[in-house]
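The domain 'ABC transmembrane type-1' annotation in TrEMBL covers B:51-255, B:329-535. Residues or ranges marked as transmembrane segment in TrEMBL: B:12-33, B:53-77, B:89-107, B:136-159, B:196-219, B:231-257, B:290-313, B:333-353, B:373-391, B:411-434, B:467-484, B:516-535.
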Amino acid sequence: MSTLTIENVFSDYQGQVILNGLDLTLQQGEIVALLGPSGCGKTTLLRAIAGLQPISQGSIKINGDVLSSDNVFIPSEQRGVGMIFQDYALFPHLTVADNILFGVKGLNKAERQSRLDEMLELVKLTGLSQRYPHELSGGQQQRVSIARALAYQPQLLLLDEPFSNIDAQVRNEMMLEIRSILKQRNVSAVFVTHSKDEAFVFADKLALFKEGCIIQHGLAEELYAQPTDRYVAEFLGAGNYLPVTVNSCMEVSSPIGVLQSSASINYPVDYQGQLLLRPQQVELVADEQGLAVIVERRFLGTVCHYWVKVEEHCLEVRSQLLQLSPGQKVNLFAPAHPLVIF
Amino acid sequence: MILGLTRSWSLAGYSIAAVIILPLIALIVQAAFPDEAVFSHLFDTVLPTYIANSLLLMLLVAMGSLLIAVPAAWFVARCEFPGRRYFQWLLLLPLAMPAYIVAYVYTDMLDYAGPVQRALRAAFQWSSPHDYYFPAIRSLGGAAIMLSLVLFPYIYLLARTAFMEQSSSLLHASRIMGCSPWRSFWRLALPMSRPALAVGVALVAMETAADYATVSYFAVPTLTTAVYDTWLGYGSLTAAAKLSAIMLLVIFTLVGFERFARRKQELFQKQSALNDSDRYCLIGFKALGAWFYCSTLLFLAFLLPFIVLTGYAIEYFEQSWDERFWQYSWNSLYIAVVVSGICLLLALILMFVRRVSPRTTDSLPSRLSSTGYALPGTVLAIGVLVPLTYLDFAINDVYDWFGARGPGLVFTGSAIAIVFAFTVRFLAIAIGSLENSYKRISPSLDMASITMGQTPKQLLMRVHLPLLRKGLLAGALLVFIESMKELPAALLLRPIGFENLATYVFQFVSDEKLEHGALAAIVIVFVGLIPLIYLNRSLEHTS
């Protein structure tokens, strides 16, 4: 049974549609990233799950229990979800211990203490229980907020851009650490971010948002390799587009020659479309008789990025070859892979 | 925002607002009644003069305060001269001085029998008033000067901030483009501070319109004294309400003007704060001039009256340190404590509802409840009398109907009327203080605690209350102080035989023997100094 089921959810705010018929399901122990540019409705959905934002249509269920629907609204305080905020939302007047135990109910003193110790150990803050939030570093505050959200054992954890205030140098480490905590306790989580890099590192699955809708949902690799939409392709990484004509179900002809697909193409013969080629899916070979010419070179350490002109098309190519220079003639190849054509 | 917030919270907010704006509504309704010819009589005879006096006084005080305050603000904000750092806060002190006390001290000094005229007569061997001309202090002009002396700090404070927040690169630019400091002041600094000055002028005009004690002491009839006399002299609540309504028209015009100016001020003052080294360093005569200007102002508006008052208090200590002094201090104190407590509780409920309610209209009660502060004390007192009198009669009628003896004037005959009026007038202060504190609490704290299963009441008690502690304390302190100082409403609403410090001092002022009440007056001045320390500290904090 899935932990979270969202069906056909609509939400509007002051006459503007924010969520536009959304569907999403989440399995127990799964971490899903709601990914999209700012203002696309991902935070609204998170708040709707927490009961902090009304929905106008559709339903939200956790473990089969309806939280929001046309005629049901369970208040936030009865939903049993945990939430982690961008600014951590630690209570400044309470110690780490009091913050962590804030939402814990129905335990006696010894049980509370053991819950606290367990949580402190989980987030590696043992010994800091009597500190106040302002006496902790940003990363420690973040960990307190995780401990606080897990301490009352919510059915679902919601994270609202929790890493945007963490220094770039330690962000990756922090994300992996928290991910392993969630995995260790088999917590289901919904994670909001606008950064594809964070989503790749932290989540199992991605749900890509566009104007209040999820346009593709699935494993990160799937979305990257098989985007259903040009918007998805571009959001997840740079790409080149070349006009192609389908020759057969395994082959297209393009300005850089005939290209093979390793999976069958879902378009009829003679269909004309745009082929997506990621910079690393193209290879360069220096050739005096080549059809393409290098326009610009950017050195990035282990690799070089070249901008290469073929006919009137300009392609970005990532190459291990470091010694090519602008003006040089080259040939381009694309090894066989499942071609993505729009 | 708590989506599931029950309607009972909203209802509590609306109920509070309804009680708080009751006097205002009652006033307007009462003013609409036909009256017993008192008002039309007033209208045909003296009312035009009263209105003219009120308007003229407001105009004069506004101009006087501007003239006094702008140079002082400029010196302190933009120039460097010996003592500048001290004048910065010393020039706020006159705010603590009730105008009627300043007026009394100067009248004592400047009228025919006072030391100044005596000395002049002795020096020039004049023997009677016909021998020389001396301006009459007890006049409209005199009242304007007295009020300007104690109200100018409002404009000073706003102008100082405006001058300090003007980007120094703008002034540098104007200097580089060939403007002298003097021309830069006229072409740049002054026009840029116009919205701030307008806010200050509006506040000063409102305070002037509300003043009762000074004009009453100087026997200058204005709308405020007219309201007072109509009620106590003619006993006509309807005529008093009609006069109050005229007054309200003036006040709300000023409030509108103030709001408008404040919005503009926000547009004008967004630049970075001033750097210390950007001040004009005054030397020689110029430095002396600036120093002399500020010290004279401080001396005339605060030191001189304060010294005279202290002199009286010492000389008449035996007569003033009596039973009555203690009794009236106690009255002031307990009313102020009760009012602060009530204001705090109401403000907390109103602001909590406003913060967490999912219904946008729920911000209305807290806004409505803040309107009381604009009402002048006399007008508010009439507004309070209308519904309370009605209630008192209704209660006694019910007793009569059952054939029992009524309990008398439960509301208007006790301190309840004063407490109610003060609450209406000062609730805005408590609301403002909490509003500021609430702004500093991140909304995600609310969301965090409700997702962790806390009810709205638990959110209030476990999270908001501890975090609002400072704001609550500051709000309570300010309400306390204002309640200790407020005079006109207390004068009109006190039960027979009831005095507090303010009415007690004013009684002595009217009886021309402030000497005996000097001790009480000093207490009022000292209580008034507390918020200035607080205000100054918060200003230093921001700059």
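Including glycine, each Cβ sits where the backbone N, Cα and C put it.
Just so it is clear, the model here is predicted, and its values are computed rather than measured.
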Using Cβ atoms only, state whether the transmembrane segment (B:290-313) and the transmembrane segment (B:196-219) have three or more pairs under 8 Å that are 6 or more apart in sequence.
no
Please check if the transmembrane segment (B:373-391) comes into contact with the transmembrane segment (B:136-159), where contact means 3 or more CB pairs closer than 8 Å and the residues in each pair are separated by 6 or more positions.
no
Per the Cβ under 8 Å criterion, with at least 6 residues separating them from its ends, the transmembrane segment (B:12-33) contacts 237-238, 241-242, 244-245, 248, 346, 349-350, 353-354, 357, 362, 364-366, 368-369, 371-372, 375, 379-380, 382-384, 386-387, 421, 423-424, 427
Taking pairs 6 or more apart in sequence, does the count of Cβ pairs under 8 Å between the transmembrane segment (B:53-77) and the transmembrane segment (B:196-219) hit 3 or more?
yes
Counting only residues 6 or more past its boundaries, what in the same chain has a CB within less than 8 Å of a CB in the transmembrane segment (B:196-219)?
53-54, 57-58, 61-62, 65-66, 69-70, 98-100, 103-104, 107, 137-140, 142-143, 146-147, 151-152, 154-159, 161-162, 225, 228, 247, 250-251, 254-255, 257-258, 261-262, 264-265, 268-269, 374, 376-379, 487-488, 491, 506, 509-510
Could you pull out which residues elsewhere in the chain have a CB under 8 Å from any CB of the transmembrane segment (B:136-159), counting only those six or more residues past its ends?
53, 56-57, 60-61, 64-66, 68-70, 72-74, 77, 91-95, 97-99, 102-103, 106-107, 110-111, 193, 196-197, 199-201, 203-204, 207-208, 211, 214-215, 217-220, 297, 300-301
